[in-house]
């Protein structure tokens, strides 16, 4: 299936979850937060959250600013 | 002297100078500036992770033992700001948020309607909300009344270095506030940071004045001293202004 991770298309296995999306872009587990289709997915629910085809995944971290 | 510490929502903050991280050329320059500033609380923005930079700024703050204050910089609506704050809480494991909802790129002035809406939602969701606000005493009062833990009025627009354009409004905000007042944005040099503290602000938040200074580390040190000096002067009570001179030496002895 195809999912959008931080705006880029990625091909992930059907039923892949949030952790697979993090791995696809080489993101660490700590210091990041994930939203799927504009809803925050709490860390505790990462393993239980399956992505669907066309899902929009955002992976954010702290950067210099403000 | 008795202990004179900044307290926000029951948590003690070890410095009255809150720093930003934007504008520093690299993390090494930022590190030296943060150390020289003596700050205990520093704000960061939330953005899509970049494989090359990773979690660098976060690692730096943790290494320095500085508490992280995520902000919602770049958000234009309450909905965007609320989502960004929730992501920040997840990523950084803090309920503190510097709430920023700006109206447009040209002024970067807060949109008061969206700001108040976002503040109310985030307070209800358990956040400790520190809103970046206009220098408007009425809006500051409204933000406090919905449960914000501080109010952070601007001195002048972000990044302008124009100092405090309406000191009287800042003084009115201070006069009526029951929560800490943090002068946020517009500071250009040390005397303006001191002025904010002399007006009775509880803290100053700045970034550009340090990070884009010719020598960021030296300016950070200057800001630290300015905030301390201004705080002390505010507590000491300045003399009243007089129209005519008043001799500071005794009269000459008339017999000599």
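Yeah, the Cβs are placed from backbone N, Cα and C, and that goes for glycine too.
Per TrEMBL, the feature active site, schiff-base intermediate with DXP maps to B:98. According to TrEMBL, the feature 1-deoxy-D-xylulose 5-phosphate binding site maps to B:159, B:185, B:186, B:207, B:208. Feature annotation from TrEMBL assigns domain 'Thiazole synthase ThiG' to B:8-250.
Features per TrEMBL, on structure.
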residue: B:98; record: active site, schiff-base intermediate with DXP; CB count, 10 Å: 27
residue: B:159; record: 1-deoxy-D-xylulose 5-phosphate binding site; CB count, 10 Å: 16
residue: B:185; record: 1-deoxy-D-xylulose 5-phosphate binding site; CB count, 10 Å: 30
residue: B:186; record: 1-deoxy-D-xylulose 5-phosphate binding site; CB count, 10 Å: 24
residue: B:207; record: 1-deoxy-D-xylulose 5-phosphate binding site; CB count, 10 Å: 26
residue: B:208; record: 1-deoxy-D-xylulose 5-phosphate binding site; CB count, 10 Å: 19
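Residue B:207 (1-deoxy-D-xylulose 5-phosphate binding site) sits 14 Å from residue B:98 (active site, schiff-base intermediate with DXP), counting Cα to Cα. A separation of roughly 13 Å, to the nearest angstrom, links the Cα atoms of residue B:185 (1-deoxy-D-xylulose 5-phosphate binding site) and residue B:98 (active site, schiff-base intermediate with DXP). With a threshold of 8 Å between Cβ atoms, the recorded positions B:98, B:159, B:185, B:186 that neighbour chain A are B:98. Note: the CA-CA distance between residue B:186 (1-deoxy-D-xylulose 5-phosphate binding site) and residue B:98 (active site, schiff-base intermediate with DXP) rounds to 16 Å.
In sequence order, B:20, B:157, B:158, B:160, B:161, B:187, B:206, B:209 are the same-chain residues whose CB sits within 8 A of the CB centroid of B:159, B:185, B:186, B:207, B:208, the residues recorded for 1-deoxy-D-xylulose 5-phosphate being left out.
Separation of the C-alpha atoms of residue B:159 (1-deoxy-D-xylulose 5-phosphate binding site) and residue B:98 (active site, schiff-base intermediate with DXP): 17 Å, rounded to the nearest whole number. For the 1-deoxy-D-xylulose 5-phosphate site, whose annotated binding residues are B:159, B:185, B:186, B:207, B:208, the maximal Cα to Cα separation is 9 Å. Residue pair residue B:208 (1-deoxy-D-xylulose 5-phosphate binding site) / residue B:98 (active site, schiff-base intermediate with DXP) shows a Cα separation of 17 Å.
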